[in-house]
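Beneath this line is the structure, given in structure tokens, with notes to follow.
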Amino acid sequence: MAQENSSTITELVLIGFSNHPQAEIPLFFLFSGVYLVNLFGNTAIIILVVIDSCLKTPMYFFLCHLAFLNIFYTTAVVPKMLFNLLASKKVISYELCIAQTYISLLMGAAECIILPVMALDRYVAICYPLRYRLIMNWSVCVQLAVGAWTISFFASVVPLYFTMLPLCGPYIVDHIFCEVPVLLHMVCADTSLQETMMVIGASGTVLLPFLLITLSYLHILVAVMRMHSAEGRKKAFSVCSSHLTVVTISYGTGMFMYMRPKSLYSAEGDKLISLFYAVINPALNPLIYSLRNKEVTGALKRLLERWRVFQNQRILS
């Protein structure tokens, strides 16, 4: 294939689910519902944490960052995917494709770094309960959050910017959105360096944080098993189970997608994996963190009660 300057590309074909035309309408309604659940659930968490004083703790501070990136990630991906499910011409502009590539890489890296920060918070809370507020003060929390986003940016966006190569025609993206592993198949030159850097980057933003989470939870497990109170052990496991569920889903799919050679690429299989971590998982996160969390459900009940009182006062006035 002849090499072309990527600046001359105006749009690319985004295949998505066009290989299954009979499923496109049902998928449109399904993913629209999932996207709305994502927006409502994650926005609700952010609002609850902002307005409810009982949730102004380090754990919920970091949960807000996770909710924000869930919203931002899916908003960069889902609206275009939904539009193409109904459109006869399945295309994506080159600018939006590149934007999706950068955003998906940055948000994925940020999630993988914020999750071990949340594990660190749980470790301090359970292993050093008397010193928790001293260690995890607001200054430390802000520094950890800023550090997580900064590291994510320099570990994902910057290397991609300096190593991105021109694409070759025909410009067909056999995926549901644009991301690095898929675009590597459209590069005009040898991609050995890019594949190696992708694995190295994934090791730093996926594998290393996962090992830190594992280490944190091993210490937590030891501390919990030493507790004399069965109620205390139950509460500790309940607090950690939600985080562990999100960790398992996020890191499992991330490792599969970004820590393997290009030769193991499978278009249909990778669509399902990407669909899970870019669309479904962000909608599941607020449900996982809230349904089994008495503090979040309590904050929601207080908010609804305040809203009911406000509405009654308006009616009476």
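Keep in mind that glycine also has a Cβ here, set from the backbone N, Cα and C atoms.
Any TrEMBL annotation is an automated prediction that lacks curation.
The transmembrane segment feature in TrEMBL is assigned to 27-51 (among others). Tertiary proximity for the transmembrane segment (27-51) is limited to same-chain residues at least six positions away from its ends with a CB under 8 Å from its CB atoms, namely 17, 60-61, 63-64, 67-68, 70-71, 74, 78-79, 81-82, 85-86, 279-280, 282-283, 285-287, 289-290, 296, 299-300, 303.
Within the model, the domain 'G-protein coupled receptors family 1 profile' (41-289) shows a mean pLDDT value of 85, rounded to a whole number. According to TrEMBL, the feature domain 'G-protein coupled receptors family 1 profile' maps to 41-289.
Sequence-distant contacts of the transmembrane segment (58-78), counting only residues of its own chain at least 6 positions beyond either end whose CB sits under 8 Å from a CB of the stretch, comprise 31, 35, 38-39, 41-43, 45-46, 49-50, 99-100, 103-104, 107-108, 110-111, 114-115, 117-118, 121-122, 125, 136, 141, 144-145, 148-149, 176-177, 246, 278-279, 282-283, 285-286, 289, 295. Sequence annotations record features per position, and here TrEMBL assigns transmembrane segment to 58-78 (among others).
The transmembrane segment annotation in TrEMBL covers 98-120 (among others).
As annotated by TrEMBL, transmembrane segment applies to 140-162 (among others). Counting residues 6+ beyond its ends, the transmembrane segment (140-162) has Cβ neighbours under 8 Å at 58, 61-62, 65, 101-102, 105-106, 108-110, 113-114, 117, 120, 180, 197, 201, 204-205 in the same chain.
Per TrEMBL, transmembrane segment is recorded for 199-224 (among others).
Under the heading transmembrane segment, TrEMBL lists 236-260 (among others).
Under the heading transmembrane segment, TrEMBL lists 272-291 (among others).
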### Query
So what's near the transmembrane segment (98-120) in sequence-distant terms, Cβ-Cβ under 8 Å and 6+ beyond its ends?
59, 62-63, 65-66, 69, 72-73, 76-77, 80, 92, 144-145, 148-149, 151-153, 155-157, 160, 177-180, 183, 201, 205-206, 209-210, 212-213, 216-217, 243, 246-247, 250-251, 254, 258, 277-278
